[in-house]
There are 2 protein chains.
Amino acid sequence: MNSIYIYLAAASGILALIFAFILASGISKQSAGNDRMKEISGYIHEGAMAFLNREYRYLAVFVVIVGVIIAAFIGWETAICFVVGAIFSILAGYFGMIVATKANVRTAEAARHGQSQALKIAFSGGAVMGMSVVGLGILGLSILFLIFDGNPTYLTGFGLGASSIALFARVGGGIYTKAADVGADLVGKVEAGIPEDDPRNPAVIADNVGDNVGDVAGMGADLFESYVGSIISAITLGAALFPKGQGVLYPIILVSIGIVASIIGAGIARNSKNSNPQKALNTGTYIGGILVIICSAVLSKSVFGNFKAFFAVAAGLVVGMLIGKITEVYTSSDYKSVKVISDQSQTGPATTIISGLAVGMKSTMWPIILIVIGILVSYFVMGGASNATMGLYGIALSAVGMLSITGLTVAVDAYGPIADNAGGIAEMAHLPASVREITDKLDSVGNTTAAIGKGFAIGSAALTALALFASYAQAVNLSTIDLLNPATLAGILIGGMLPFLFGALTMESVGKAANEMVEEVRRQFKEIPGIMEEETKPDYARCVEISTAAALKEMILPGILAIAIPIAVGILLGAEALGGLIGGSVVTGVLVAILMANAGGAWDNAKKYIESGVHGGKGSYAHKAAVVGDTVGDPFKDTSGPSMNILIKLMTIVSLVFAPVILKYGGVLLNLFK
Amino acid sequence: MNSIYIYLAAASGILALIFAFILASGISKQSAGNDRMKEISGYIHEGAMAFLNREYRYLAVFVVIVGVIIAAFIGWETAICFVVGAIFSILAGYFGMIVATKANVRTAEAARHGQSQALKIAFSGGAVMGMSVVGLGILGLSILFLIFDGNPTYLTGFGLGASSIALFARVGGGIYTKAADVGADLVGKVEAGIPEDDPRNPAVIADNVGDNVGDVAGMGADLFESYVGSIISAITLGAALFPKGQGVLYPIILVSIGIVASIIGAGIARNSKNSNPQKALNTGTYIGGILVIICSAVLSKSVFGNFKAFFAVAAGLVVGMLIGKITEVYTSSDYKSVKVISDQSQTGPATTIISGLAVGMKSTMWPIILIVIGILVSYFVMGGASNATMGLYGIALSAVGMLSITGLTVAVDAYGPIADNAGGIAEMAHLPASVREITDKLDSVGNTTAAIGKGFAIGSAALTALALFASYAQAVNLSTIDLLNPATLAGILIGGMLPFLFGALTMESVGKAANEMVEEVRRQFKEIPGIMEEETKPDYARCVEISTAAALKEMILPGILAIAIPIAVGILLGAEALGGLIGGSVVTGVLVAILMANAGGAWDNAKKYIESGVHGGKGSYAHKAAVVGDTVGDPFKDTSGPSMNILIKLMTIVSLVFAPVILKYGGVLLNLFK
């Protein structure tokens, strides 16, 4: 196979990393403000690094164990790819976090000089995460592709490595951030009556660290996984379909184009002088997307001689953007749903909860319909009514299309927590109100971009999982996965149940971890004299430590379940049942993820809407009810909801990697009846 | 075909109706208490009849329209069966309601003379509903079977008729009861500060009517549908498999045995002198179940010459009972989950909600595993690894097995609202505290039986839907429903989403209807002088009217969706996509139903647990938080949750009835790519 274009892909990865490096050095050169600011940002940086280092120790053990299992049952090549995938995902998170914890304080300092300067730094910080994700993703894949001559079985190991890290980063990070957040709020705001981001609150640093851990590193790892997963699926299916290599060429060039388009889009957003930061970010994203769509048409014609592949790619990209837009409609106070929830807050917390849940449940409709349209268009345009494998390749291309601008969407998404952190630092360092005003505005835009980013992450997880699902079916030689087979039905029921179980476990974990935090903060207020008078500093590190330990401990059970259950079901009930399990988990996982993300986002903004002066404003009966909604929404949108993306992708890729084992030993229980 | 056993089935149906008649006359002969009690029960009876009459007017229009459509597209025979099914379901609900609204006041009066006397009347009242359901169900089916010589296509019309009534009764009834309940509580208890069931509350009669409408008629119609649906599926599949008729004979005799066993079990429960009412009811149920299991073994050996059918039946029955037991574990304060929720109430409403949702989500695991075991055992024992149709027949038999004691489970379930009503009447008529004590005890047992009954209803709905699903596949000539086909995938995603949409719509409906009720109660307190001093009577009828109108209006949209979407998807995307839609909706429908039923039940009992004196008891901070949980749980467990059963069965049977249309016109959208 002519592998010249793999070098091109590697080059585009390196280009992304160079761009990231330039952005990072640019950020470093900015002033980090006064000593107080440096001190605070130092704490956050240290806390974030403490979490990462601890996490990496856990990860090292995990990667070694799973690597040995893979080497023993599947082969050493897959094990190597697995380890490389894990390391590259870790590196992306590491770069992103280092720069994010530098950019936050510099954003606060820049906000002294105006909004556009602050936006530039915050967005640049996010862009480092985005470019690291796509750069390391495509570089890692290219290198392994060259070494192992594109062997699909080996490459899936890379996906599994990425998936495993995403589990730790997204689930652990989600537990971390909400334990710290709830703990800080419950004792600080409610019991001690001090404002948010007050330096006297012992959990305040952990809370700010949490924003980075969950929303920068966690989200980055999630999309790293989707990104490489969709590419692996497309090149795996494509290699089998086109002996001359066009099937691999097309997606590889497409992602290279996507990287260039993302760099252009990021440049536009970063240097925008638009006074509305939301518009600046949107313009950049849309331009990036349109560039990809145009190029994919030209590419489709020149590689395949027709526009079929272009339609598949465009379908994915448009669906991804529309899902983001719909998320905004359900979670922004500019639209009806959030207003309904805030109206219902007037009759108390119960009606707030009911209406928020109803909004979340209802909000699943359009994203599902869009995903369905995306699937049908990409499948049937590419494969027609008769060529199934070609159709599945179309679905994989549409996932690649949606994810081609990952660099840009991660940048926009990771910008949020940086702006949020900047606000926290401004508050803690007692910077002038005008600074806080700017950071608040940037932060509020960040909330919307976070919601949109979540919608995008869910949509891409669904398409990636479905694309990998097609690869799985091929790997275990299934030409059908029949719903009328009771084993498949059993698999679907079990798979459908798992997101519910996973959601319950992660919500309980947040509860437990938050309780520990509450007790620690109470203890410090009681035992350390002078905290309230700002004479003594609270023990920030202890709170960081608690969040870190709880996050890592609490994710072990859900993690083991996500890996062990697919293998167990495959071995007991066979490959077809495992196919059913994947299908069932994708369906309910996507639904629960959308429900949780949108209900959580809507409650959050209903509270903020009331705080803006509606229904009696802050402190009113309606506001208290809205706070209850927001608190319920916290683990929904930041822990359990995003965990669903990981769950469905991880279970799919575990099945794919362990396909040889399932093929050999699968169905021992059913064989009893033969 | 030798149809002598059909006469036997008809005879068993008549036997059940005779038993119901004897019980009903026995109840009528009891004293209805003093004038005040008679007056109050008169209001409840009138309110219930007002709702039924109004509902029947709507139904008449609905039945005529759908009947004409069926006659035009499918055939007049199916249309006749549809109308008969609707009428028989209506009759069952009518009988049950009339007797329940007589039994309530007589239970209150009997409670003056002791608990066992009161239990006897309340349970007898429930048993009339139970026996009417099974008696009319099997009688109607038998008559149509004889007329149309067992033609399966026609008989499914009977199932669709039952299903349509269940939609009105369960969804409309669910909206009715919660609108009245929430309306009565919000203004009465919270704003006016008067106790529950106070005659000064204008919505109090509507609230008591709601118990009958939702929990007697609604639940009865739900199980009527499951009962006839499972029988139709078993005889349809069985007729094709066994040319000599054993495949029809077995399930028909089995349900006849089930009726006799239910009568025996009901007799035992009714005459029990056990001081613990729960034990009396359990003993009756277990004896009924064991009788069926023993007889089914003998029957299996004599009809088929082996014990295979017995294993399928026993699997269904045992799974049904275990699901009930698990429901109890998650929703009774004797176990851990409810205690955890009440502990979490100490930190406020948000943690109450989160922990309750986590309990609900976690509680899906065991029921799903049990259903999976039931499916696998009944399929593989009956059909082995190679005979798919025989295996599906096994699943249908297991549904019939689970539902064979429907007469008994409905009796136990419908006993609850009668006891609840009795308590309300005792309170309103100012009966001595000792009476209220007895009715409270009976009521609290009723809460547990209601939760168990809900678990049973969900399990049976799932198995019935899956059995009908198998019939559907046969009807549209599908030998596989392939998950790798994107149309199937599209169907599963849409089908999976519908329970979320349906849940959102019904929750919003309760909210809207409750708001109307709140305004009316407020208006009456303001505009009618002397209510508070008990000098003037409030306008009960107006509140009954509001609940009635709202319930019927609000169920139109969900009802249309449940019928139109399967047909639309079938016509646009084809029979296989529709198969996917049914599969997807069963999976998420069952999950959401379990989540909602158990979270709702657990919140309810966590509140009651705190009221028993834990965490500060009534009026404490924890209690207020628990009340929020209970209020959120109300539409969960009594409206949206139970609606899922209807949704999944109705969509399945609509697909089955309209199979000829789908077969002829299905897939117009996909044909574009051919």
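Please read every residue number as a count from 1 along the shown chain.
A Cβ is built for glycine as well, from the same backbone N, Cα and C atoms used for every other residue.
Note that TrEMBL annotation is computational and uncurated.
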Which range of B:154-171, B:226-243 is transmembrane segment, per TrEMBL: B:154-171
Packing count at B:ALA450 (site 'Determinant of potassium dependence') (other Cβ atoms within 10 Å of its Cβ): 26
For the transmembrane segment (B:58-76), sequence-distant contacts whose Cβ falls under 8 Å of one of its Cβ atoms, 6 or more beyond its ends: 82-83, 86, 90, 153-154, 157, 160-161, 164-165, 168, 552, 563, 657-658, 660-661
Beyond the flanks of the transmembrane segment (B:487-507) by 6 or more, those residues with Cβ under 8 Å of it: 171, 174-175, 481, 554, 557-558, 561-562, 565, 569, 573-574, 576-589, 591-593, 596, 635, 639-641, 643-644, 647-648, 651, 667, 670
Leading contact stretch, B:82-100, B:121-148, B:154-171, B:456-475, B:646-666 vs the transmembrane segment (B:365-385) - CB distance under 8 Å: B:456-475
Cβ-Cβ under 8 Å with the transmembrane segment (B:154-171): same-chain residues at least 6 beyond its ends: 55, 58-59, 62-63, 66, 70, 74-75, 77-90, 93, 137, 140-141, 144-145, 148, 213-214, 217-222, 224-225, 228-229, 232, 235-236, 468, 471, 506, 552, 555, 558-559, 562, 639, 642-643, 645-646, 649-650, 653-654, 656-657
Tertiary contacts of the transmembrane segment (B:646-666) (same chain, 6+ residues out, Cβ under 8 Å): 70, 73-74, 78, 82, 153, 156-157, 159-160, 163-164, 166-167, 170-171, 222, 225-226, 229, 461-462, 464-465, 468-469, 471-472, 475-477, 495, 498-499, 502, 558, 562-563, 565-567, 570-571, 573-575, 578, 581-582, 585-586, 589-590
Positions on the same chain near the transmembrane segment (B:305-323), where near means CB under 8 A and six or more residues out: 250, 254, 285-286, 289, 292-293, 296-297, 299, 366-367, 370-371, 373-374, 377-378, 381-382, 394-395, 397-405, 455-456, 458-460, 463
